[in-house]
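Shown next, in structure tokens, is the structure this report addresses.
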């Protein structure tokens, strides 16, 4: 008897599974806030140098009380080509001759300027406090803003590897509960971090815990339901991410202080940690790891909650042992990474899929992590991005059932590249058009990544699917980490990061054409199925999986 058949007897999607799924997805909505928290906590406010004549509160009316604030600003701060005050320079001495001029120096030499040696003054009308104002992450220190985002994404990459291994060894529930506690502690501490170094270190740990929670949530949901409900469950977890992004925009609009926002995002994880004690461990994991008594206990609990009255009679150790035999035989058929890469077709597929995930993830995170570079209203952008990814997740099942995998991904990536490159030529004043292009690009990226994930599961045989997915997932996390660092290049050329994002989107759309088409093809079970692909392609079409 297969384990899926055993779950059918327990109840493939009964009250037990629904309650566990609802709790886990509700928790994930809050956890997903962490992935884009820096869009608000690290918002760069308008700023200028602190100058004695303007900002010294001990001098009543700024001493020369007959002059307006605008006049004092004109003689203290040089103006740029757009006639706006420079953000990182000030005059060494007040330029009184500029009072009756428009900030220019006709027929005269440029006066001496200096960096903002006394600090900065910020326009705090949008946010009273961010990590930028807390540690002056502007001008020469502005790249540290991107470093904070990079370290969070790097933490997600490390967490995927470390906690994935720990989850296989110590159980889904134990690692999930530990990750809730870790995120609660480091997130709360980050709100009161004394230095940017401490803050970045805590955000790295928060990234590791966040990715661990996301992965183990999916595992606990999928390993408790039968195969026919997996696609629906995964779609719901993706929708939870979108809802999390929408609610983040709303919460950040209400809570403008960085410290309070950090606390609101992190403190609920203490509650999640306490409530998670009532979650059920994966019975599949318990059985495979030689804990049949505990596995049987969890199965009987699930059966009782699903309304099965004679669970003890049906779910016996003899039945469980027959299930264990098949599951353990499948678990023992493992291949090392070197063995996988020595198989030409497997190696080629893993390499191409890894690049596609890497190249498609870069522009997605490039858009979603840098809202301030796209428009002035970051709250609206955050909400729109969440809404369009939610729509993409709802459209994904239809697209997967009616469109070619390769063609759909190519068109979506080309649409994404078009939006990214078009943003370069749209001036900042045309906010509506920039928002429309960015939102359309995020929708295309989200739908393209979903299609890529489905094709990945259809191209890799079941026996090595978990290991191969781990490899491609690492490349996706690397892409997300690099996307945040690439924005540092905007210091040298504002269009350069968007050009790079667009190029990667185009490359992703081209490389996917090198992969076989998998729509209406049966899922592969063994490596031999891949080697015999030419023969299998002649078989009658079967319904494809959306997993």
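Cβ atoms here come from the backbone N, Cα and C positions, even for glycine.
What Swiss-Prot says about this one:
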{"type": "TOPO_DOM", "residues": "1-9", "note": "topological domain 'Cytoplasmic'"}
{"type": "TRANSMEM", "residues": "10-30", "note": "transmembrane segment"}
{"type": "TOPO_DOM", "residues": "31-145", "note": "topological domain 'Extracellular'"}
{"type": "CARBOHYD", "residues": "56", "note": "N-linked glycosylation site"}
{"type": "CARBOHYD", "residues": "102", "note": "N-linked glycosylation site"}
{"type": "TRANSMEM", "residues": "146-166", "note": "transmembrane segment"}
{"type": "TOPO_DOM", "residues": "167-177", "note": "topological domain 'Cytoplasmic'"}
{"type": "TRANSMEM", "residues": "178-198", "note": "transmembrane segment"}
{"type": "TOPO_DOM", "residues": "199-204", "note": "topological domain 'Extracellular'"}
{"type": "TRANSMEM", "residues": "205-225", "note": "transmembrane segment"}
{"type": "TOPO_DOM", "residues": "226-234", "note": "topological domain 'Cytoplasmic'"}
{"type": "TRANSMEM", "residues": "235-255", "note": "transmembrane segment"}
{"type": "TOPO_DOM", "residues": "256-259", "note": "topological domain 'Extracellular'"}
{"type": "TRANSMEM", "residues": "260-280", "note": "transmembrane segment"}
{"type": "TOPO_DOM", "residues": "281-349", "note": "topological domain 'Cytoplasmic'"}
{"type": "TRANSMEM", "residues": "350-370", "note": "transmembrane segment"}
{"type": "TOPO_DOM", "residues": "371-377", "note": "topological domain 'Extracellular'"}
{"type": "TRANSMEM", "residues": "378-398", "note": "transmembrane segment"}
{"type": "TOPO_DOM", "residues": "399-406", "note": "topological domain 'Cytoplasmic'"}
{"type": "TRANSMEM", "residues": "407-427", "note": "transmembrane segment"}
{"type": "TOPO_DOM", "residues": "428-434", "note": "topological domain 'Extracellular'"}
{"type": "TRANSMEM", "residues": "435-455", "note": "transmembrane segment"}
{"type": "TOPO_DOM", "residues": "456-470", "note": "topological domain 'Cytoplasmic'"}
{"type": "TRANSMEM", "residues": "471-491", "note": "transmembrane segment"}
{"type": "TRANSMEM", "residues": "495-515", "note": "transmembrane segment"}
{"type": "TOPO_DOM", "residues": "516-547", "note": "topological domain 'Cytoplasmic'"}
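By the Cβ criterion (distance under 8 Å, sequence gap of 6 or more), the transmembrane segment (260-280) is counted as touching the transmembrane segment (10-30), at least 3 such pairs being found.
Applying DSSP to the topological domain 'Cytoplasmic' (226-234) sorts its residues as follows: 8 helix, 0 strand, 1 coil. Of the recorded ranges 10-30, 435-455, 471-491, the transmembrane segment (235-255) has the largest number of C-beta contacts under 8 angstroms with 10-30.
Between the transmembrane segment (495-515) and the stretches 146-166, 205-225, 407-427, 435-455, the greatest number of Cβ pairs separated by less than 8 Å involves 407-427. Broken down with DSSP, the topological domain 'Extracellular' (256-259) shows 2 helix, 1 strand, 1 coil. Cβ atoms under 8 Å from those of the transmembrane segment (435-455) belong to residues 238, 353, 356-357, 360-361, 363-364, 367-368, 374-375, 377, 380-381, 384-385, 388-389, 391-393, 395-396, 399-400, 405-406, 408-409, 412-413, 415-416, 419-420, 422-423, 426, 505, 508, 512, 515, 518, 544-547 of the same chain, restricted to positions at least 6 beyond its ends. Helix, strand and coil counts under DSSP for the topological domain 'Extracellular' (199-204) come to 6 helix, 0 strand, 0 coil. Put simply, of 146-166, 205-225, 407-427, 471-491, the stretch with the most CB pairs closer than 8 A to the transmembrane segment (350-370) is 471-491.
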